[in-house]
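Some features that TrEMBL has for this protein:
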type     : residues : note
TRANSMEM : 20-37    : transmembrane segment
TRANSMEM : 75-97    : transmembrane segment
TRANSMEM : 109-133  : transmembrane segment
TRANSMEM : 154-172  : transmembrane segment
TRANSMEM : 178-200  : transmembrane segment
DOMAIN   : 221-426  : domain 'Peptidase M48'
TRANSMEM : 306-324  : transmembrane segment
TRANSMEM : 344-366  : transmembrane segment
Amino acid sequence: MEFLDTVQKVWEIVLQYKWLTFLVAFGAVSFLIYRIVDFLQYMHVNKFTKPDDITMNEDVFKKKRQRKGSRSMKLLWKGTSSWGAQLVFIASIPFLVYWFNQKGISDGYVYMILIGLSFVLNLTLSKLFPLWTPARPYACRAFQHEKAIQPGNMAFHFWGVVSWSVPAYFFWEYFQVNGWIGSVFFIIISQLIQVVIFIYSIKKSAIPYLEYPGLSDNFKKNMQKYLKEHGMKDSEVGVLRMNMGPNAFATSLAGYKQIVITEELIQGYKDPTNPDFTLKLSEDTIEAITSHEVGHIRHHHVEKGIAMGILISSAVTIAVYHLFSADPSNYVLFKEGTSQQLLLYWGQCIFNTMLVYPITFITLLVSRRKETQADTYLLNTNGCKNGKDFFHQIRHIAPVNNLGLWHSCNGTHPAAHEREQRMLEWEKEHCK
Ligand SMILES: [Zn+2]
């Protein structure tokens with residue numbers, strides 16, 4: 001009988017909190033779509049044949065395809081287990097609160113314990129578990145190889161947890177529902193501080209390109225002229241000596257800016273899965289890549305990204321404050337008189353888990369548009385410098401194209417073969 005009573009009560013909550021049901025259903029559907037797309041990608045990869053414009057040993061190609069196939073299968077299980085783990089965590093929070101209360105621990109301490117627990121979970125499972133980090137709302141592939149337990153990552157997660165939990169605790173205590181204003185203010189400050197620290201640390205490790213011995217005088221002369229015409233200082237372009245693979249990126253915040261190219265992009269990068277191939281670019285191509293990065297800066301892409309991050313996090317915060325402002329005992333799982341902050345914490349966990357895929361989808365859509373815009377800038381300002389060769393060579397390292405649908409759900413950049421094709425056509429029309 002008691003069991004039936006509980007079922008009855010849960011059903012009443014479903015009726016009373018339709019928005020919560022809707023949120024969970026929305027989250028579940030988006031999760032399922034991502035997994036179906038993962039499976040379709042797996043099928044697509046396994047039957048992909050070598051493109052005609054790529055010269056490569058057939059065996060090497062087959063091994064690469066096989067590796068990519070097993071990677072996409074792994075992604076399917078990884079996505080399932082991490083989302084499942086988050087569901088288990090959300091479901092266990094009310095029981096954890098109950099259990100701690102039974103031990104005579106007051107809600108204030110329970111709050112601190114839960115925050116500490118999220119820090120540890122986030123840190124150790126950070127490759128799977130995007131629970132508290134609004135600044136990194138999706139599992140960014142570039143960071144997947146970094147070790148979890150290291151000072152930079154620990155500070156990042158500590159800041160993520162503290163900058164949410166401390167404002168939420170005090171602003172609710174003093175202003176209740178209106179406390180969201182304080183929390184949103186903290187989100188803005190927190191995001192800005194993170195970007196400033198990031199730019200500062202990049203600037204510290206970058207070697208100014210004029211001082212870098214691996215680039216020719218001719219390249220430096222061209223670059224000086226180009227940067228001057230495009231409102232950049234020489235000190236704002238540098239070379240990064242870290243094992244990040246052949247890469248380049250730009251970061252800026254209201255005039256505080258830096259472009260970096262990795263040393264591997266300049267000196268060459270040996271394909272670890274093909275002994276016959278080394279990515280080696282001409283200086284013209286490196287110049288074109290730098291123009292793409294200048295495009296990001298000129299279009300204020302980083303600032304727009306921060307604004308979007310702030311907007312999304314703030315909307316979620318406002319929703320959490322308003323939708324989880326009812327007495328916690330309304331949710332059956334919590335007893336009467338439970339601190340409201342514990343309910344806020346629970347609500348934030350639910351929102352993060354349910355919205356992780358929709359937010360990822362939108363963020364990546366915007367990201368790909370920015371990349372296309374930066375490519376346009378490259379073409380308009382340095383279009384005849386063989387920028388396409390970068391993509392042609394990258395395709396020798398990764399010759400198997402993604403399924404279009406999968407790429408729309410997961411790609412930070414437009415597909416390399418599409419970018420190469422676009423530049424090829426542009427060159428035919430505009431160069432020589
Ligand atoms: Zn870019």
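Placement of Cβ uses the backbone N, Cα and C atoms for every residue, glycine included.
Automated prediction, rather than curation, is the source of TrEMBL annotations.
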Task: Surrounding residues of the transmembrane segment (306-324) on its own chain - C-beta under 8 Å, 6+ positions past either end - done: 19-20, 134-135, 137, 172, 177, 179-180, 183-184, 187-188, 191-192, 195, 253, 340, 343-344, 346-348, 351-352, 355, 359, 363, 366
Task: When counting Cβ pairs under 8 Å to the transmembrane segment (154-172), the leader among 20-37, 75-97, 178-200, 344-366 - done: 178-200
Open item on the list: Give the nonlocal contacts of the transmembrane segment (20-37) in its own chain as ranges (CB under 8 Å, at least six residues past its ends).
Closed with: 13-14, 76, 79-80, 83, 323, 350-351, 353-358, 361, 403, 405-406, 409
